[in-house]
Each structure stands twice: as C-alpha cells, then as structure tokens.
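What TrEMBL says about this protein:
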- H300: active site (ACT_SITE)
- H346: active site (ACT_SITE)
- D403: active site (ACT_SITE)
Amino acid sequence: MMFGRSRFLAKSVSRNISSVNTRRLASTKSLKETIQEIVPAKQEQLKKLKAEHGQTVVGQVTVENIIGGMRGIKAMLWDSSVLDPMEGIRFHGMSIPEAQKALPPAPGGKEMTAEGMFWLLLTGQVPTAEQTQQLSLELAERAELPKFVEELIDSLPNTLHPMTQLGMGVAALNHDSAFQSAYERGIKKTEYWTYAYEDCMNLVAKLPTIAARIYRNIYQPKKSIAAIDKSKDLVGNYVNQLGFGHNENFTEYLRLYIALHADHEGGNASAHTAHLVGSTLADPFISYAAGLYSLAGPLHGLANQEVLRWQISMLSEVGNNFSKDDIKKYLWATLNKGQVVPGYGHGVLRNPDPRFVALQAFCKGHEDLMASPMVKLVAETAEVAPDVLKEHGKTKNPFPNVDAASGCVLYHYGLTQFKYYTVIFGISRALGAATQLVWARALGLPIERPKSFSIDALEKLAKN
Ligand code: CMX
C-alpha cells in the first residue's frame with residue numbers, strides 16, 4: 001500500500017537539538033503512536049482486498065520458476081518497498097533521490113539517516129527533524145547490551161567470522177524478548193504487533209552496539225569502546241564505537257549507505273528468511289538472526305566482502321596506474337576461471353542499481369575519495385564490466401549492484417577489514433526486516449507454507 005504523496009510533505013522544523021534530546025516534545029507524535037494510527041486503515045484495506053479479489057489471478061507459475069529459485073513468482077506481501085527491474089527500489093513509492101531530498105539529515109549532516117528511513121518504512125510518512133531526533137534518543141536509550149551478551153561476544157574466538165558472531169549476539173537478545181514472554185503469558189492476536197514493535201526497536205538499537213563490539217574485539221582488542229552518546233544518531237554512535245568518530249565524511253557515508261540499503265522488497269534472501277522465520281511467531285531477534293545468516297552467503301550480502309577481496313587483488317596486479325584494458329583482462333581472467341564477478345548482476349534488477357549510483361555520487365562529491373586508487377578502480381571497473389559480461393553472455397543483468405560500490409569507501413577511510421563489511425549491511429537490512437516483522441503481526445499474516453514437488457511429481461504435473 002502506498003500513502004498519498006501529500007503525506008510525504010511533513011514540515012521539517014528546525015529546533016534546538018539539546019532540548020529535543022532531553023525530553024519528549026508534546027507536539028511530536030512518536031513512531032509508535034504514528035503506527036498505531038495507521039494500523040486500522042491498513043487492516044481494513046487488506047481485508048477488503050481479500051474479500052473482493054481473493055480469487056483474482058495475478059500471475060502464473062512455470063516449471064522453470066519452480067526449478068529456478070522461484071524467480072519472478074508473485075508470492076509475497078511486503079508493504080514497505082517495491083523493486084522495479086528497470087528503475088530500482090521505491091520505499092512506499094519514493095525513489096532513492098526523492099528519499100534523499102525528503103528525509104531530514106542528522107544535525108550538522110547532509111545525508112538521510114537510519115532513523116528517517118526506518119520511520120518512512122514503518123509508516124509511509126516522512127518524519128520531521130524532531131521526530132527523527134526523538135527516535136535517535138529512544139534508540140540510544142535502548143542501545144546498551146545485557147551483560148551476558150557482552151560476555152558471550154567477548155568469549156568468541158577472533159577467528160570466527162564477524163557475521164557468525166553477529167548472528168549469535170542477535171539471537172541471544174531473545175533472552176529478553178517482549179514478544180516471546182507475552183506469547184507465553186497468552187495475548188490476543190491483535191496485540192502481537194505491539195510486542196513485536198518493542199523487540200524490533202531493541203533489535204535496531206542494540207545491533208550496532210553488538211557490531212561495534214565485534215569489530216573492536218577482532219581488530220582493535222586493546223582499545224576500549226566509547227559509551228553511547230545520547231546526543232548522537234544511531235550511525236553517529238556506531239561510527240564512534242567503531243573508533244572512526246573523528247571522521248565526519250565516514251559518518252555521512254555510513255548514514256547514506258545504511259539508509260539506502262535498508263529494504264529491497266521482500267523476496268531477497270535475508271529479508272525473506274527473517275519474514276519466514278517470523279511467520280512461525282518466532283520472536284524478532286531469532287527471526288532476524290536467521291536473516292543475518294542468509295545475508296552471510298557470497299551470492300547475497302557477503303558479495304560486498306568478495307568485491308573488496310577481488311578489487312584488492314586486481315589492484316595489486318594492475319598497479320595504481322591501471323588502464324581500462326588492464327581491467328578488461330582481469331575481468332576475463334575471473335570469468336575464464338569459472339567465477340562470478342562479485343558486485344555485478346541481480347536477481348531482479350536489469351539496469352545499474354540506483355543504490356550503486358547514489359554511492360558513486362557520494363564519491364564524486366568528495367575530492368579525497370576521487371583521489372583514492374581503490375575508489376577509482378571501482379568506478380572504472382563499472383565502466384568496463386558491463387560490456388565484458390554482455391560478451392560473456394550469461395548474466396541477465398551485466399550492471400553493477402550496490403555491493404560493487406559499498407566497500408571501497410570504507411576501505412579508503414581505513415576500515416580495511418573487508419570480512420567485516422557484511423556486518424554493516426546487516427545493520428542496515430534490519431530496518432526493512434524489522435518493519436516487516438511489525439506489519440506482518442499487525443496484519444495477522446499467517447505462517448508461510450508454499451507447496452513443493454519432487455522431480456517425479458513435477459514431471460507428472462507438467463505432462464498432465
Ligand atoms: N558474473 C558472472 N556470471 C554471472 C554473474 C556475474 N556477476 N551474475 C550472474 N552470472 C551467471 C550466473 O552464475 C548464471 O550462470 P549459470 O547459468 O552457469 O548458473 C547466469 O549468469 C544467469 O544468472 P542470472 O539469472 O543473471 O542471475 P541470478 O538471478 O541467478 O543470480 C546473482 C543473481 C546476484 C546471485 C548473480 O548475478 C551473482 O552471482 N552476482 C555476483 C554476486 C553478487 O554481486 N551478489 C550480490 C547481489 C546483491 C545482493 O543481494 O546483495
């Protein structure tokens with residue numbers, strides 16, 4: 001469902017930040033109050049849709065769809081964003097450039113924030129600056145980890161992949177799940193969403209704290225982690241805890257990256273996994289932990305790690321004064337080894353990913369980035385690779401996806417440990433997955449259970 005464009009035009013009122021950070025403004029509706037207002041209308045819309053069109057056919061399923069990873073089958077309800085193969089993602093009807101224009105930046109910054117995007121995804125509305133700042137404060141107040149989760153993370157070997165650690169930390173948060181304990185107590189179905197919301201807020205708030213702790217433990221074990229600063233937004237605190245708080249460009253980049261990577265409709269592996277697990281009424285922490293492990297595969301979220309590994313190896317071979325011809329040769333060498341070119345292709349998109357375009361535009365706006373050999377190599381690879389992939393003739397989409405661009409800026413700013421990159425993707429994708437976990441409970445969506453076939457049964461079905 002999309003909300004009217006006029007609702008996007010919420011006023012952005014500038015206000016003294018410190019007053020916003022210390023108390024709730026009476027004139028500012030909270031995120032929960034805003035959702036509460038919308039829930040009945042959406043429930044009614046869905047009920048009407050089911051009553052009037054429950055038996056309307058909207059697509060067909062071929063044998064190829066079933067064998068081919070369910071590609072293209074219209075089979076999921078996901079309200080917060082829709083992906084067009086040519087145009088890319090829209091969040092409640094808003095394109096990336098529109099969201100960049102409309103969502104309020106963090107105080108002193110220019111880029112949209114995680115809070116603004118989370119609000120948009122959950123409500124279909126653009127929040128005011130005060131509302132996002134109020135949300136920042138609420139998240140900061142929830143950011144601290146239970147002692148046993150800190151101890152759990154600290155006890156893990158630093159050779160364990162950061163994504164494995166992240167999933168373990170997130171799953172352990174279910175110890176204090178409001179949803180799980182309310183379910184055990186026995187609550188009405190209509191109340192599910194409020195407890196799911198409570199858990200989702202804690203999930204989004206605590207995820208960066210877990211992620212920063214993992215980074216410090218593995219890569220900077222002797223340094224202490226900064227305390228949560230209640231005057232900062234979610235990403236401001238995260239960057240601070242990572243140890244990069246001095247670099248405002250880095251913080252701005254992460255704000256952009258985390259906001260624009262938050263949701264990519266429902267069928268992608270991580271979002272779908274979290275939704276599927278949530279449909280069993282597993283609480284949001286274990287549902288999203290499952291989503292994180294889905295993100296940790298190289299064809300999905302781990303691709304941003306793989307892109308950097310691949311580009312570093314290309315740079316070491318071609319040197320800083322590379323030509324387009326050098327890149328072309330390296331691309332062919334990769335393909336001839338039977339490997340995929342990481343960061344290229346997509347299950348749905350058939351054009352360059354607008355998230356890639358937005359990240360490249362960020363680079364173009366920063367002179368230091370444009371002077372970086374790694375950033376240059378990524379940009380020039382994106383000019384050469386589509387023709388090579390077309391000539392190779394396999395991939396349906398020869399253009400770069402978001403992962404082609406996301407790591408090179410982190411690398412330039414000194415976060416060079418690329419095994420960690422998917423963790424940042426995991427913080428971002430939580431915003432979309434959490435939105436769906438709240439709305440799936442608010443709309444009373446059932447447990448998922450598609451029909452599967454054996455090869456023999458499918459053959460029989462096709463022949464008949
Ligand atoms: N390099 C080389 N070959 C590629 C390719 C690439 N970047 N992308 C697709 N292909 C190949 C596929 O492996 C497949 O080959 P086979 O027929 O031998 O199996 C063929 O082209 C057709 O694939 P497709 O229909 O175009 O793509 P899929 O929907 O099956 O897969 C994706 C999509 C993203 C997994 C695939 O393009 C890929 O592996 N890309 C590289 C990894 C990557 O960047 N993943 C991140 C995607 C974004 C995200 O989820 O974060």
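Using the three backbone atoms N, Cα and C, a Cβ is placed for every residue, glycine included.
Known features from TrEMBL, placed on the structure.
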residue	record	DSSP class
H300	active site	coil
H346	active site	coil
D403	active site	helix
Spatial separation of H300 (active site) from D403 (active site) - C-alpha basis, Å: 9
Cβ-Cβ neighbours of H346 (active site) (radius 10 Å): 22
Which same-chain residues, if any, lie at least 6 apart from H300 (active site) yet have Cβ under 8 Å of it: N268, A269, S270, S294
Number of Cβ atoms other than its own within 10 Å, given for D403 (active site): 28
